Amino acid sequence: MAKIKAIRGMNDILPDQSPIWQHLERTVGRVLRGYGYQEIRMPIVEQTELFKRSIGEVTDIVEKEMYTFDDRNGDSLTLRPEGTAGCVRAGEEHGLLFNQTRKLWYAGPMFRHERPQKGRYRQFHQIGVECFGMNGPDIDAELLIMTARLWKELGLGEHVRLEINSIGTSESRKAFRAALVDYLSGFRDQLDEDSKRRLETNPLRILDSKVPETQAILKDAPDLAEFLDEDSRAHFVGLQQRLDLADVPYTINSRLVRGLDYYGKTVFEWVTESLGAQGTVCAGGRYDGLVEQLGGKSTPAVGFAMGIERLVLMLDTLGVVPQTVNSDADLYVMGMGEAGEADALRVSEMLRDAMPERIIMTHCGGGSFKSQMKKADRSGARFGLLIGEDEVASRTVSVKPLRSEGEQRSVDQADLAATVAELLG
Ligand code: ATP
Ligand code: MG
């Protein structure tokens, strides 16, 4: 019978990869905790309307990337393509946002129907961070300082760089948008198909078109920076001053607009040259209008999301995963015969009580002494613990070094935990 395969663009994360994921998740978790962030977990499915209203109807995500379906009641539901909308929805629903400050983070799978390629998948994972109730550039700066620290701790500091921009308020974008449309209309026939369409629907998105001909046309296009309102301008200067003081290098990219409608003022991306085309590993910005847009009271907010697969690829290709992520066993416990086998389970539990940090593998599945020893060797364990008929009778265990020369010795079960702890060091 034909085998059933995984869905295209949706990957299994196999045991040889999971230590890198765990290392990444642990490091991020530690850094975020150090800045006072709290974890929130949202459902993976939300009402379709939530994403339409927040991300925007004429964005790539909503127009062509969402996994949307009718559930059995006929309600339109969508697998979340990103986390901000659900986080705001949850925060509002449970009164976490009004009249207070909040620093939240979440991690989990996101779903977008894109063309799968290296660093771009249909199920991918993000760790996201959202801050509510703070309107100054200080929190924008802290977010970026925190991510810079994270890259350093991951050993990626030398391989990413920061691009920032301000896209102003929706009013200043409106004026810029008109000037941009005016300019680009003169080149309508030379634009790529996507950009031609966007000229009518979402002209700002043309700015980050990857098509070289379109990029060439954009060289003389109006500059968003010149259309900024006074408040956004001051906010952006404030951010730059703080980054300078904190020694976080950045470049200003006035073409950086981000693909989601809810952003305003600060936007940023951390990019790397080490992954090829899919070079953005972390992206975000300020979205002061979103909470209100989703029915809450006006609440300033800023956040970002990082792509875990891209960071794992970086850690993997740059070889910066520390050797401490190791899944070798410490002890391999073997029982011979019915009584020995049963006793092996009991003795293993006793050892786990005494040394919960150790990896203790108990042999299951029977087999000869020789085949059990082979498995013990393959487990990477430093010591094999043997319990046969004799050991059961004398309430002892034979302890055999597997990684070094040295004699097998017989240890009283009462002394076993202490002796083994000493042997493992
Ligand atoms: P891109 O321009 O690469 O499509 P984006 O602007 O659509 O990215 P965001 O919505 O800002 O991405 O998501 C934040 C981060 O999540 C990205 O910077 C990237 O690291 C990661 N990401 C986004 N889409 C994917 C995907 N399809 N596969 C893997 N990672 C992704
Ligand atoms: Mg995208």
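Here the Cβ of each residue, glycine as well, is placed from N, Cα and C on the backbone.
Annotations in TrEMBL come from automatic prediction, not curation.
As annotated by TrEMBL, domain 'Aminoacyl-transfer RNA synthetases class-II family profile' applies to 1-356.
Residues or ranges marked as L-histidine binding site by TrEMBL: Glu82, Gly83, Thr84, Arg112, Gln126, Glu130, Arg258, Tyr262, Tyr263. Remark: Thr84 (L-histidine binding site) has Ser54, Gly128, Glu130, Leu260, Tyr262, Tyr287, Leu290, Gly303, Ala305 as non-local neighbours, by Cβ distance under 8 Å and separation of at least 6 in sequence.
The maximal spread of the L-histidine binding site, taken as the longest Cα to Cα distance among Glu82, Gly83, Thr84, Arg112, Gln126, Glu130, Arg258, Tyr262, Tyr263, is 21 Å.
Checking the binding-site residues Glu82, Thr84, Gln126 against ligand 1, the ones with a C-beta less than 6 Å from an atom of that molecule are Glu82, Gln126.
Sequence-distant neighbours of Gln126 (L-histidine binding site): residues of the same chain at least 6 apart with a C-beta under 8 Å from its C-beta are Glu82, Gly83, Ala107, Gly108, Met110, Ala305, Met306, Gly307, Ile308.
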